[in-house]
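Since the structure comes first, as structure tokens, the remarks are kept for the end.
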Amino acid sequence: MSFLNIFTFFSVLVSVATAVRFDLTNVTCNNLHGPHCGTYVMEVVGQNGTFLGQSTFAGADVLTESAGDAWARYLGQETRFLPKLTTIASNDTKNFSPLIFTTNIYTCNPQSIGDAMVPFANTVTGEIEYNSWADTADNASFITGLANQLFNSTQYGVQVASCYPNFASVILSTPTVNIFAANETLPDYCTAIQLKAVCPPDAGFA
């Protein structure tokens, strides 16, 4: 059995076992501009220098193809070439880049300046995802006002947590970011977190 098949099997198995319930609703746009500006990064409260971002890794298919084919896929900006895991880490973590957001005053949706990916919640795992191709999946739920709910999670019926719920997060030694109902007991592999808006220059970003 190939590594990819084993990975898929464990991912499906654990995803079914860790299904969570949450009720995300649209909220009024409020206080989304951060302390000083409309462009911001999300810092984990109480963990200085730890931000919400993406960790990239090379998939099994990339490692088995020729250098020429891999280079062509990279130049073509194929979204599946380097899968991204939404996680929290410090800015100097290898293969990690913080997500930089800007406020949309009309819809309250955060958008990454670098890749313009739209966030959504996976209704099976509860994981917050930004993968540009995965929004077509049956279990994708677009969330209007997601940033506001992350900043004020207890007010809007959700908890935000960093989790090690599946095979991928264990292998990559980096947690996923998940959302749960406010009254739900978190699994023992999850830790509740809070996020705050920080202006990029204040966080050490140019």
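Each Cβ is built from the backbone N, Cα and C atoms, and glycine gets one as well.
In Swiss-Prot, the feature N-linked glycosylation site is assigned, of Asn95, Asn139, to Asn139; the remaining candidates carry no such note in the record. Taking the glycosylation sites Asn48, Asn91, Asn183 in turn and counting surrounding C-beta atoms within 10 angstroms, the largest count is reached at Asn91. Cα-Cα distance from Asn183 (N-linked glycosylation site) to Asn48 (N-linked glycosylation site): 27 Å (rounded to the nearest whole number). Straight-line distance linking the Cα atoms of Asn91 (N-linked glycosylation site) and Asn48 (N-linked glycosylation site), rounded to a whole number, equals 11 Å.
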